[in-house]
Amino acid sequence: MVDIIDKALRMGEGHQLKKLENVAKAVNALEDEISALSDEDLKAQTPKFKQEIENGKSLDEIMPEAFATVREVSKRTLGQRHFDVQLMGGAALHWGNIAEMKTGEGKTLVATLPTYLNALEGRGVHVVTVNDYLASYQSELMGRIYRFLGMNVGCIITEQKPPERRKQYNADITYGTNNEFGFDYLRDNMAWEKADLVQRGHHYAIVDEVDSILIDEARTPLIISGPAEGDVTRWYRQFAKLVLKLTRDEDYDVDEKKKVVGILDPGITKVEDFLGIDNLYEPANTALIGYLNNAIKAKELFLRDKDYVVTQGEVLIVDEHTGRILPGRRYNEGLHQAIEAKEGVEVKAENQTFATITLQNYFRMYDKLAGMTGTAETEAAEFMNTYKLGVLPIKTNKPMIRKDQDDLIYRTKKEKLAAIVKDVAKRHAKGQPVLLGTASVESSEVVSTLLDVAKIPHQVLNAKQHEKEAAVVAVAGRKGAVTVATNMAGRGTDIMLGGNVEFLADAKLKSEGYSPEDTPEEYEKRWPGTLNEIKAQVKDEHEEVKELGGLYVLGTERHESRRIDNQLRGRSGRQGDPGESRFYLSLEDDLMRLFNTQLVAQVMAKGMEEGQPIEAKSVTKGVRTAQKAVESRNYEIRKNVLKYDDVMNKQRTVIYSERQAVLKGEDIHKDILRFISDTVESYIKGANKGSEKPKDWDWEGLFKALNTVIPTKVDEDEVRKIVGGLKGAKAVEAVRDLIVEDARQQYGEMEETIGETGLRDLERRVVLAVLDRKWREHLYEMDYLKDGIGLRGMGQRDPLVEYQREGYQMYNSMIEAIKEETVQLLFHIDIKQVATTDEAVDEVEETAESADTIAVASGPDENGESVVEAAEGEVEEEDEDTDAKQAIAESAAASGAGESTLPVAGPAPISHAEGKVPVSKRPKSEELKTPWADGRTFPGTGKNAPCPCGSGRKYKMCHGQNEK
């Protein structure tokens, strides 16, 4: 199916490329005219273009002259002139496509064209990079073009506080990483004050290394969370010790391909004996199974120095695609805690989700989206299906002459590594630069050790040395350089033969004390001379390295994705330079062992001799087959993640929009009055027991429960007399009108006491508090639902359809609870006892936290943390910049109707189950035997988890009360 889509997509490429060529011709036709302009005339182009846009001209009409202007400014400030193919790439980006341009073709410079053009509209342009260093470096270097033309340039980096972030977002052009942009969006939707907002919309984004961000990281949702209730760290430590006593294949099974484990009968017996329990699979022990599975996964599937490193007592995840450390990220669902217990470091508390969004849904919010990469064509169908982005391959400026050799395959890793060292020694002896790509930190260190033994000087670039990656990559093309890199971690910095001129010039100026931030004028003044000086130094060495064959790229094993391999190969042969690449494989490599057992068997049958490799097209083809199988599986995972997130996205999109309206001061008084009416009607319907006759209603229960929400002054006997002759809907309406009228009168008295302005502010802040709290609980329940929804497939039901259906029901129930709790809090605050609105809100919070009718999970402390959690045991990412106020506000979701600025339930308000008063509001009866009256406890169960007894209550509200 994907192949058919690929062919269909390519059918229109010729027409698109012709349009791009026409743009390049139009820009070239203006070159002489623009080149003749003075610096002042060039600077005047920006206000001229803005005026033309205001007068009705489209960006497409302005594009040729705007591109020509940027090209001329680039020549004057950077000494770089955009090639025709770069002009074509710029047009492709402006029209909302992915420009596939090979490594070394100057993608960073290409982005300046559409970035400037779209920034003229004054709505902001976001340029998205893969790490903070590149965001900072590119904003400095390319910012010289923008600043010359009168544009403001901002850069978002991890350490910045909200006021600084707001300033950066208000710039015409803002650089930053995908995670920073995404987290700021989530934090904005947790803010309690308009002044706390930092972003100003999502107009146009250009994503650098778009395949890495929108494909490789698409399985990883961004999540802001804080510590959950309860301390269960002892269970992780206990199970870490327990699994050391278990034996693989005897006590448990491991499927490395699918990354799943299964406990066998002998293992179950050992676990039960160790824990002193009779039956591991009793409902009371449900939580223990999760600890056991995670402990086995930590032991067998997650390896130190491959999947993670341990630094200063902390477990840090290594990105499987780039080899970089992912600071602050954590595996989800208790897996990270299991690894911490395995390594004997501090086991940190589990987290509870406050706000979440996938990268897929975040980037689909932009009015226009574009991207750049050297390797997108293999995923063209996915880009179109998910993001509506076409992929346009842009030809290279000079013909590619790199030699890509067939793979060499050896029997064992030991034989392969010996051959690699021999090959590197030969290349190094003649001075040819060599780049060795490895798939893990562990592998890079093994190769480094062997090179040390062979006395071959080299640089290592892996997750443990990620701080110096750009500096190492910048000199990796110099004569005699040998660089060992994990999955080519330094993407974004070109490997130029002889050295990277711009990087070396920038480094020289900074070493002399000049920088764009601190001394911008001196930096600009000295840049041309320093650049020419470095160019002269590099030129001779560049020619010498070309004569030696250019950069030799040696892959020590194949990655699961063809794109990662192509990215490694793409480091060589830039801008028409010579180069060579080859991959060394062994039958023991993970890809071969797990995904192509048939090929391994065929090769073994040929009776390979020790140290003797096989070099054949069939081997390379077999590897590609294995890679396609993995890519197909990963694509299905990403599609599945998106399908499930789309359910939440519909709720999240509406409520975030409505929440922003409340935050920005819209009057919600009418909504509060509607909340009062809806809540009263819901209680009446819950008390009528399905009977149309008022005499059969539970009047005592109704007024007792209703008074916990609205302390009504209406007399029960009087109401019963008034509705005595009415039936059905008319009776409900009559009772509702009487109680609502009384409630409105009380509410009016409240307004007289606190003042109209004070009450409006109180309403806004109470609504935000309740929305955020209920949304947090809703996220928790939705996570729990998703965790177990796959089992519905065993009952011949579609898990996704079930998730949509039950998620919608839970969502509507949440809306009812939001209305009810908002009304309850507003009516239970003692306005006469508080002097200010702030004090009133404080009392509201205290009331909310102490009332036994409202379930409030604990939020983060003053150092609230944000995390990127992932589906299927991917990763989480922390952000310690969340301040205390944001940490309290835990995001909300709901649905809107008409012009209302607050959530309402769907087409028809959902009534409470079984025609009764809501569970949380029913009168407590001394005679009623509670589920937890049997005195049992269920060790290891989280406080917010459903109680294993089956009552449907959270553990802390059920048998958890028996814990001392």
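Using N, Cα and C of the backbone, Cβ positions are placed for all residues, glycine too.
The record from Swiss-Prot ties GLN86, GLY104, GLU105, GLY106, LYS107, THR108 to ATP, and of the options ASP494, ASP506, ASP518, ASP540 it ties ASP494 to that site too.
Other Cβ atoms within 10 Å of the Cβ of HIS959 (Zn(2+) binding site), summed over all protein chains shown, number 24. Fewest Cβ neighbours within 10 Å among the binding-site residues GLY104, GLY106: this applies to GLY106.
Between the alpha carbons (Cα) of CYS958 (Zn(2+) binding site) and THR108 (ATP binding site) lies a span of roughly 58 Å. Listed binding-site residues: GLN86, THR108; maximum Cβ neighbour count within 10 Å falls on GLN86. The ATP site is defined by GLN86, GLY104, GLU105, GLY106, LYS107, THR108, ASP494, and by the 8 Å test on Cβ atoms against their centroid, the other residues of the chain that qualify are MET101, THR103, LEU109, VAL110. The maximal spread of the ATP binding site, taken as the longest Cα to Cα distance among GLN86, GLY104, GLU105, GLY106, LYS107, THR108, ASP494, is 16 Å.
Comparing GLY104 (ATP binding site) with CYS947 (Zn(2+) binding site), their Cα atoms are 58 Å apart once rounded. Note: the CA-CA distance between HIS959 (Zn(2+) binding site) and THR108 (ATP binding site) rounds to 59 Å. The two recorded residues, GLU105 (ATP binding site) and CYS947 (Zn(2+) binding site), show a Cα separation of 59 Å.
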